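Participant: Found this in TrEMBL, in case it helps:
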{"type": "DOMAIN", "residues": "9-87", "note": "domain 'Cytochrome b5 heme-binding'"}
{"type": "BINDING", "residues": "HIS44, HIS70", "note": "heme binding site"}
{"type": "TRANSMEM", "residues": "186-206", "note": "transmembrane segment"}
{"type": "TRANSMEM", "residues": "231-251", "note": "transmembrane segment"}
{"type": "BINDING", "residues": "HIS252, HIS257, HIS275, HIS278, HIS279, HIS333, HIS337, HIS354, HIS357, HIS358", "note": "Zn(2+) binding site"}
{"type": "TRANSMEM", "residues": "288-310", "note": "transmembrane segment"}
{"type": "TRANSMEM", "residues": "316-336", "note": "transmembrane segment"}
Amino acid sequence: RAGRAMAAPRSFSAAEVRARCEQGDCLVRCRRRLYDLSGFVRLHPGGEQLLRQRAGTDVSAALDGPPHRHSANARRWLEQYYVGEMEPGEEQVPSAAPRPGWFSFSFQSPELVDEEVVDAAAQTPMQMDPRCKTVDVEKDLVDWQKPLLWQVGYLGEKYDEWVHQPVDRPIRLFHSDFLESLSKTAWYVVFMVWAPVVLYLSWVSYTSLAQGNTRLFSSFTTEYSIPVHKYYFPFIFLLGMFLWSLVEYLIHRFVFHMKPPASNYYLITLHFLLHGQHHKSPFDSSRLVFPPVPASLVIGFFYGVLRLLLPEVLGLSIFVGGLCGYVVYDMMHYYLHYGSPKKGTYLYGLKAYHVKHHFEHQKSGFGISTRFWDHPFGTLIPEETFKKED
């Protein structure tokens, strides 16, 4: 898609834009610049319906909000869908009666768009927003025709800015097809691999607790040790899920978002492998969940830690709750990128929150399955406020 911005711009008549919108395409314009968002509508954090309502209209004023002021990265992202220019004098796409299941293509929300702003925009000479920067794969800092993992380390001080300018294109990490396949995972694979493990270990934990041999502090004292009954298992399981939410936050903030030294090739490469590639291409569907092979190493580490700190069955019970929390986290993370939750729901707010983390607030908003830990750690993404300008 990035290549579109490099092609010679073609002209579109208002009738052609209207006809394509009636066929189900989602074309929008900024002054005379025309963008085809048909492949992006379901990924839009504001929901598919919001973009469908704006099909065929000028979204210049809506980009500045309210309800949401789009970031420089969002504007840069938009340029990847550029397809051409409106013919002079045909900036207004004629409206049509809405068909069942679709929307009027001349829709403009009076609460969101100031008519004076729109009029002023129409009189402004056509030019690209200076905050926008098209993705030129031939002039980019890396060669997109080759695996990126071994290139990013050479970016040095330019890496941090480059990796936080997202693009809508797949990433290849390795030369080896085998290693490349291990670095990609379909979302359902996580559920297929780990859900049976969660069920089996839950049964093992419950039946072991039912034997009545598990006691807290038994290694220190027999007289005052506390028995752990089988009825405690659901609460221990939930404790494990809660502890996972903290681990999720800490790993995301302090490991995935570490800023590698500009002079260290290997740390930059490691950062890109762990998380940087996800921020560079946030909608690469094959890289939104953790591959089972490296995940098993991390999961095994946490299991070993719990075995050392707690009685075997108690540690296993907390572990299986944490493992379930991880599965829920990975499923939610995929859905926050590719799902289209209903407006007003918890997941709708969480999707918008996570997309803000990707496009504008990379140093905050580290909670994914929940925003709970962003509150005590002071990393909550602030709510947007709009002041009326003179």
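Using N, Cα and C of the backbone, Cβ positions are placed for all residues, glycine too.
TrEMBL labels come from automatic prediction, so no person has curated them.
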Participant: Just how many other Cβ atoms lie inside 10 Å of the Cβ on HIS337 (Zn(2+) binding site)?
Facilitator: 20
Participant: Please report the Cα separation of HIS44 (heme binding site) and HIS337 (Zn(2+) binding site) in Å, rounded to an integer.
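Facilitator: Between the Cα atoms of HIS44 (heme binding site) and HIS337 (Zn(2+) binding site), the distance comes to 9 Å.
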Participant: What parts of the chain pack near the transmembrane segment (288-310), using Cβ distances under 8 Å and only residues at least 6 beyond its ends?
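Facilitator: Cβ under 8 Å, 6 or more out: 182-187, 189-190, 193-194, 247, 278, 316, 318-319, 322-323, 326, 330-331, 333-334, 337-338.
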Participant: Between HIS252 (Zn(2+) binding site) and HIS70 (heme binding site), how far is it from one CA atom to the other, in Å?
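Facilitator: Computed Cα spacing between HIS252 (Zn(2+) binding site) and HIS70 (heme binding site) is 24 Å.
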Participant: Whose Cβ, among the binding-site residues HIS44, HIS70, HIS275, HIS279, HIS357, has more other Cβ atoms within 10 Å than any of the rest?
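Facilitator: Counting every other Cβ within 10 Å of each candidate, the maximum falls on HIS357.
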Participant: Looking at the binding-site residues HIS275, HIS279, HIS337, HIS357, whose Cα is closest in space to that of HIS70 (heme binding site)?
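Facilitator: That would be HIS357, the closest of HIS275, HIS279, HIS337, HIS357 to HIS70 (heme binding site).
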Participant: Other than its close neighbours in sequence, what residues sit by the transmembrane segment (316-336), given a CB gap under 8 Å and a spacing of at least six beyond its ends?
Facilitator: 187, 190-191, 194-195, 197-198, 201-202, 204-205, 208-209, 233, 236-245, 247-248, 285, 288-290, 295, 299, 302-303, 306-307, 310, 347, 350-351, 354-355, 368-369
Participant: Determine how many residues of the domain 'Cytochrome b5 heme-binding' (9-87) DSSP places in helix, in strand and in coil.
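Facilitator: Summed by class, the stretch gives 32 helix, 17 strand, 30 coil.
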